[in-house]
Amino acid sequence: MADPWQECMDYAVTLARQAGEVVCEAIKNEMNVMLKSSPVDLVTATDQKVEKMLISSIKEKYPSHSFIGEESVAAGEKSILTDNPTWIIDPIDGTTNFVHRFPFVAVSIGFAVNKKIEFGVVYSCVEGKMYTARKGKGAFCNGQKLQVSQQEDITKSLLVTELGSSRTPETVRIVLSNMEKLFCIPVHGIRSVGTAAVNMCLVATGGADAYYEMGIHCWDVAGAGIIVTEAGGVLMDVTGGPFDLMSRRVIAANNRILAERIAKEIQVIPLQRDDED
């Protein structure tokens with residue numbers, strides 16, 4: 001039987017590449033930076049332009065499909081995930097990197113049907129790396145099959161996380177305390193690339209063993225989550241329970257052993273869900 005969503009995935013790859021070209025061209029120029037929820041939650045005209053370009057192109061081809069887009073939500077639309085085929089889009093994951101020309105920025109597209117992710121596309125455009133995964137078909141980077149690492153010993157692991165965009169003292173205290181706890185186990189190291197999608201793709205490649213973060217949004221992880229699982233990894237909630245796309249928290253790891261150990265060590269930050277008003 002033909003794959004009903006393969007055409008959508010092929011189109012997503014084409015659009016991500018086109019969007020990446022726009023982003024890479026714009027990164028060379030001076031940009032007008034605006035603020036969203038805080039002085040460090042940044043948005044540029046390119047974020048907005050790329051999202052509009054992606055959504056209008058998809059709407060034209062698939063008029064019955066739904067959308068959740070980072071900049072649409074910032075403009076007042078709701079993050080409601082229904083059973084309808086839904087494109088979950090982050091036009092520039094790593095906007096702060098983009099503003100500073102730090103070369104890790106990604107176009108991220110996740111596609112859900114019946115609230116389950118069917119495929120993910122993450123284009124790390126400055127690097128020229130196209131990460132893709134289709135449910136049940138494996139994960140790839142530029143056509144090369146991906147496989148997570150086999151490391152089960154946390155003391156020999158390399159972790160990835162982010163400090164996040166919150167500057168609330170209590171949140172910052174928990175973020176730093178969690179890093180300190182993990183760092184002193186000890187782990188081999190903790191890295192931050194500045195984009196959740198690329199961090200997760202690094203777990204899929206085996207370059208990092210696990211990634212965790214609280215405060216991310218569904219559009220940060222919808223594309224990359226399936227890339228991790230199709231490369232043999234696991235997604236988990238930071239409490240150790242099942243991963244929930246709308247919960248704003250995630251552990252993406254090479255295996256359950258590392259994921260559960262990280263969940264055991266970290267304090268949970270209370271957050272409003274993406275699908276709450």
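Every residue, even glycine, has its Cβ placed from backbone N, Cα and C.
Note that the structure is predicted; figures quoted are calculated from it, not measured.
According to Swiss-Prot, the substrate binding site annotation covers Glu70, Ile92, Asp93, Gly94, Thr95, Gly194, Thr195, Ala196, Glu213, Asp220. If you look up Swiss-Prot, you'll see Glu70, Asp90, Ile92 marked as Mg(2+) 1 binding site. Annotation comment: Swiss-Prot describes Asp90, Asp93, Asp220 as Mg(2+) 2 binding site. The annotation phosphothreonine is assigned in Swiss-Prot to Thr168 on the grounds of similarity to another entry.
Here the features listed in Swiss-Prot are placed on the structure.
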| residue | record | DSSP class |
| --- | --- | --- |
| Glu70 | substrate binding site | helix |
| Asp90 | Mg(2+) 1 binding site | strand |
| Thr95 | substrate binding site | helix |
| Thr168 | phosphothreonine | coil |
| Thr195 | substrate binding site | coil |
| Glu213 | substrate binding site | strand |
| Asp220 | Mg(2+) 2 binding site | helix |
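Counting every protein chain shown, the Cβ of Thr95 (substrate binding site) has 25 other Cβ atoms within 10 Å. The recorded positions Thr168, Thr195 differ in how many other CB atoms lie within 10 Å of their CB, and the one with the most is Thr195. Taking the mean position of the Cβ atoms of Asp90, Asp93, Asp220 as the Mg(2+) 2 site, the remaining same-chain residues with a Cβ inside 8 Å of that point are Glu70, Ile92, Gly94, Ala106, Ser108, Thr195, Ala196, Ala197, Ile216, His217, Trp219, Val221, Gly223. Take the Cα of Asp90 (Mg(2+) 1 binding site) and measure to each of the recorded positions Thr168, Glu213, Asp220: the nearest one is Asp220. Cβ neighbour count within 10 Å across all protein chains ranks Asp90 highest among the binding-site residues Asp90, Asp220. Each of the binding-site residues Glu70, Asp93, Glu213 was scored by the number of other CB atoms within 10 Å of its CB, and the largest score is that of Asp93. Of all the binding-site residues in the list Glu70, Asp93, Glu213, the shortest Cα-Cα distance to Thr168 (phosphothreonine) is found for Glu213. Looking at Glu70 (substrate binding site) and Asp220 (Mg(2+) 2 binding site), their Cα atoms lie 9 Å from each other. Distance between Cα atoms for Ile92 (Mg(2+) 1 binding site) and Thr195 (substrate binding site): 9 Å, as a whole number. Here Asp220 (Mg(2+) 2 binding site) is positioned 11 angstrom away from Glu213 (substrate binding site), judged by their C-alpha atoms. Cβ contacts within 10 Å of Ile92 (Mg(2+) 1 binding site), excluding its own Cβ and spanning all protein chains shown: 32.
Looking at Thr95 (substrate binding site) and Asp220 (Mg(2+) 2 binding site), their Cα atoms lie 12 Å from each other.
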